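Some notes on the structure that comes next.
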């Protein structure tokens, strides 16, 4: 192979290159996957992709890529992962999950953790609601005694009693059903609260990472300014040294000329006698 031959990058990403790209994207995910779309965030994302490309190309055993190629590869991986996750969700609804789907994408769980949940969760087709069986509902969770449920039934359900009528008191199975509904509602509320806290934490992490990148940019700008000042000082010192060397050479040549015109022996001659 000749030395002047240009080596073109490989057309497709290898598995090693994809794993390196995923590791770098996970490092900067709070910036690259930020939902903000203002001009400042877009410019910051582009600078982050450029920094990611520089860090990617510094890795051994990878082909040289620019940030546009890396960004396109990440978008393709995201689209493929979202499609597979949506298909798996539909298959789970149909109770027939295919085990072969989990091998199509490298690190599917890792990629899914970097994507917002609403991106790949598609709306599943509605299913027919199963018939309600009172006996099965009575045998659900909450393995507590009937006395405990009946003692606490006022906390869950209230039945109005009309005067002059003899209505039977509610059974413990009805109280159990109501308690189960309240438990499920409480569980869903706790899940929503936990999800809200996680989103808030992710937003805070995104803001901190943006601030870190901005501080890094300011630090790099200061270093570049100091380097430029050092270069200017070195250039000024070089010019001054050249001027001094020229002056030195000038006076050396002048001294040589003076020595030739006025040799030292002429000063040793005796002066003529004065009249």
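Start at 1 and count along the chain as shown; that gives each residue its number.
Cβ atoms are placed via backbone N, Cα and C, with glycine included.
Residues 31, 44, 47-48, 51 of the same chain sit 6 or more residues outside the coiled coil (211-247) yet have a Cβ under 8 Å from a Cβ within it. Positions annotated as coiled coil by Swiss-Prot: 211-247.
If you look up Swiss-Prot, you'll see 154 marked as SUMO2 cross-link, on the strength of similarity to another entry.
As annotated by Swiss-Prot, domain 'Myb-like' applies to 13-78. DSSP states for the domain 'Myb-like' (13-78), grouped as helix (H, G, I), strand (E, B) and coil, give 48 helix, 0 strand, 18 coil.
The annotation phosphoserine is assigned in Swiss-Prot to 96 (among others) on the grounds of similarity to another entry.
Annotated phosphoserine per Swiss-Prot: 98 (among others), in sequence order.
Feature annotation from Swiss-Prot assigns phosphoserine to 274 (among others).
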